Amino acid sequence: MITLKTVRELRAAIARARGDGKRIALVPTMGNLHAGHIALVEKARQRADFVVASIFVNPLQFGPAEDLDKYPRTLAADQEKLLEGGCNLLFAPNAEEMYPGGMQGQTRISVPVVSEGLCGAARPGHFEGVATVVTKLFNIAQPDIALFGEKDYQQLAVIRTLVRDLNMPIQIFGEPTVRAADGLALSSRNGYLNDEQRNVAPALYRILSDIGTAIQAGEQDFAGLCARGLEALRQAGFRPDYLEIREAASLRPAAPGDLRLVVLAAAYLGNTRLIDNLSVDIA
């Protein structure tokens, strides 16, 4: 595996791989990698000949009160994990390389509707930052495919919409959330939890699972299910941000008759914001 830090170097390496007839996959990350990220790399190896991972802690997607400065930078450990996972090339630029004109005047990409509500309501500007950096990475790397985890479900929907609306010739794969044995979705932010909070955290997925079970049993009072779920989160020790049931593809509010749903939630344990979701298909 080689590590490159400039756009020029990456484009040259991609051109060589393309010249050899290789199919190229991109796995964008912010580093501090865990087993969920490496699962994406391993899936990419199955679907492509040349796997590019990127590590860039994107300042454009962090709000002023968020944890940009605290976000762990673990490049050496990440390189080892990527190598073991079968990555061919790591692109690890700094902010000056990605935003050479500075962020103040940076052209930004906005994906309306699907980015609104849910995490978009709690984190203004977040998905604009995500869409902008992903567009830049797609333009630089020109991958055939790109892989993202379903844990960040709204982000995945934003990226699918972006690619569709801008006619990008890139196939987007959403991969299932990787979980700890107790059900907690793997996340770089889990490291912020203390021992007591870590013991509480799996309740988030259990509560989503209970809602999914009720829906599959025929319950269609979605507002009532969400209200009970929010109360269950509070009783477990969370400070809920949201818990909603949406139509899976469009992310519009769910309605009776929808056959593919997703239950999405965000909640705080202390100062750590956890997100999770559960897809529910109704036969």
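For all residues, glycine too, the Cβ spot is worked out from N, Cα and C.
Taken from Swiss-Prot as is:
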ACT_SITE  His37  active site, proton donor
BINDING   30-37, 149-152, Val178, 186-189  ATP binding site
BINDING   Gln61, Gln155  (R)-pantoate binding site
BINDING   Gln61  beta-alanine binding site
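The structure, with features from Swiss-Prot marked on it.
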residue	record	Cβ within 10 Å
Met30	ATP binding site	18
Leu33	ATP binding site	25
Gly36	ATP binding site	20
His37	active site, proton donor	25
Gln61	(R)-pantoate binding site	21
Glu150	ATP binding site	19
Gln155	(R)-pantoate binding site	24
Val178	ATP binding site	18
Ser188	ATP binding site	17
The correct three-state DSSP answer for Met30 (ATP binding site) is coil
Cα of Gln61 ((R)-pantoate binding site) to Cα of Met30 (ATP binding site), in Å and rounded, measures 11
According to DSSP, Val178 (ATP binding site) sits in coil
Val178 (ATP binding site) to His37 (active site, proton donor), Cα to Cα, whole Å, comes out at 9
Per DSSP (three-state), Gly36 (ATP binding site) is helix
Ser188 (ATP binding site) and the residue listed as 'active site, proton donor', compared by Cα position, are separated in whole Å by 10
Whole-number Å distance separating the Cα atoms of His37 (active site, proton donor) and Glu150 (ATP binding site) is 11
